[in-house]
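Peer 1: Take a look at the following structure, please.
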Amino acid sequence: MAGGNERSMKALKEVWRRAENSLCADCGKPDPDWASSTLGVFICLSCSGIHRNIPSISKVKSLKMDHWDDAQVQFLAKHGNAVTKATYEAHIPIYYYQPNYNDCQVLREQWIRAKYERKEFTELGKQLPYSDGVKEGILWKRGRDNGQFLPRKFLLSEREGCLKYFTKQDAKEPKINIKIDMINATFQPVKIGNPNGLQITYLKDNKTRNIFVYHESGKEVVDWFNAIRSVQFHYLKVAFPIASDNEIKNRLTRNFLKEGYMEKTGPKQREAFKKRWFTLDHRRLMYFKDPLDAFAKGEVFVGSRENGYSVQKGLPSGTQGNFSWHYGLTIVTPDREYLFTCETETDQLDWIAAFTSIINQAMTPQEYAIEAYFKFKS
């Protein structure tokens with residue numbers, strides 16, 4: 001018996017050590033130490049918890065702590081991540097967002113359920129709930145002024161190239177009509193206070209407007225998210241016919257580079273530092289009095305190093321103004337310096353890394369136009 005266990009363990013480790021099994025099959029996290037004995041995939045602890053919630057599809061076991069019999073090991077050896085992905089990820093639409101281990105629970109859960117439970121990607125040309133070019137339904141939207149979430153009808157149309165929402169079910173005219181190429185969407189469960197919380201942003205008069213929504217169903221809100229990406233993709237394919245699919249994919253919805261509280265002072269750099277919520281959305285640094293504000297109190301354009309932008313650790317010597325936090329950083333632009341303080345050194349270094357990643361990138365022609373607008377506005 002002991003010899004059989006040793007053989008099984010040795011064979012299990014050999015399969016586990018294959019390069020294809022070195023990352024979680026579902027989120028890409030390195031060094032997965034769980035596996036599904038019914039699907040044949042190697043997964044991380046977090047994804048194993050999602051698999052455990054669909055026991056009719058997947059039975060999960062620890063590769064370190066649980067016993068694996070010969071038949072189960074042979075099944076893993078026959079399948080593994082590469083073979084299983086070839087079946088369950090055979091026909092993923094290019095616009096579909098494939099989450100990684102840094103993404104929120106609802107995205108990862110619906111990705112796993114879409115693959116193994118609903119088998120959305122096993123057949124070419126399969127009709128999907130986010131691929132029709134039109135989607136209509138109810139989302140709970142946060143009121144701009146009162147902060148209450150109320151049901152609102154949303155309509156997404158590829159033909160019209162826009163997203164609308166209506167304050168009443170029978171309303172003929174929308175409250176807002178947003179061009180599809182102006183939209184960004186990103187999941188914000190912690191900020192919104194709901195596991196299915198989605199933040200939709202768009203430019204209005206070149207200012208960023210935030211809309212916060214959720215749906216009780218995780219599947220429904222993720223379907224909305226991918227429907228937006230689908231409509232964006234097809235719109236941009238027409239607008240940029242010579243661009244490759246991957247180039248267009250990279251222009252779809254994006255996560256913010258960083259968010260969090262910092263303190264800031266005014267342009268004279270003598271005013272008291274005030275605590276504000278900051279969002280770095282590519283080259284736009286926005287600050288808000290409250291994380292759920294509809295409009296930013298101000299925006300700063302962050303350009304490239306070759307155009308005179310830089311980030312420096314600390315504040316200029318002789319900085320005046322009262323501040324509670326002592327880990328400073330300075331954004332240098334061709335026109336002025338922006339001074340901020342962070343609560344911890346970790347926050348300071350994280351912000352500096354985020355700014356550096358943007359400043360080190362060359363600017364596109366569109367970004368030069370945005371920079372010119374910011375300079376004109378100031």
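Easy rule for this one: first residue shown is 1, then count along the chain.
Keep in mind that glycine also has a Cβ here, set from the backbone N, Cα and C atoms.
Pulled these features from TrEMBL for this protein:
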DOMAIN    6-129  domain 'Arf-GAP'
DOMAIN    132-233  domain 'PH'
DOMAIN    255-360  domain 'PH'
Peer 1: Determine the mean pLDDT over the domain 'PH' (255-360), rounding to the nearest whole number.
Peer 2: 91
Peer 1: Count up the helix, strand and coil residues in the domain 'PH' (255-360) according to DSSP, in that order.
Peer 2: 18 helix, 41 strand, 47 coil
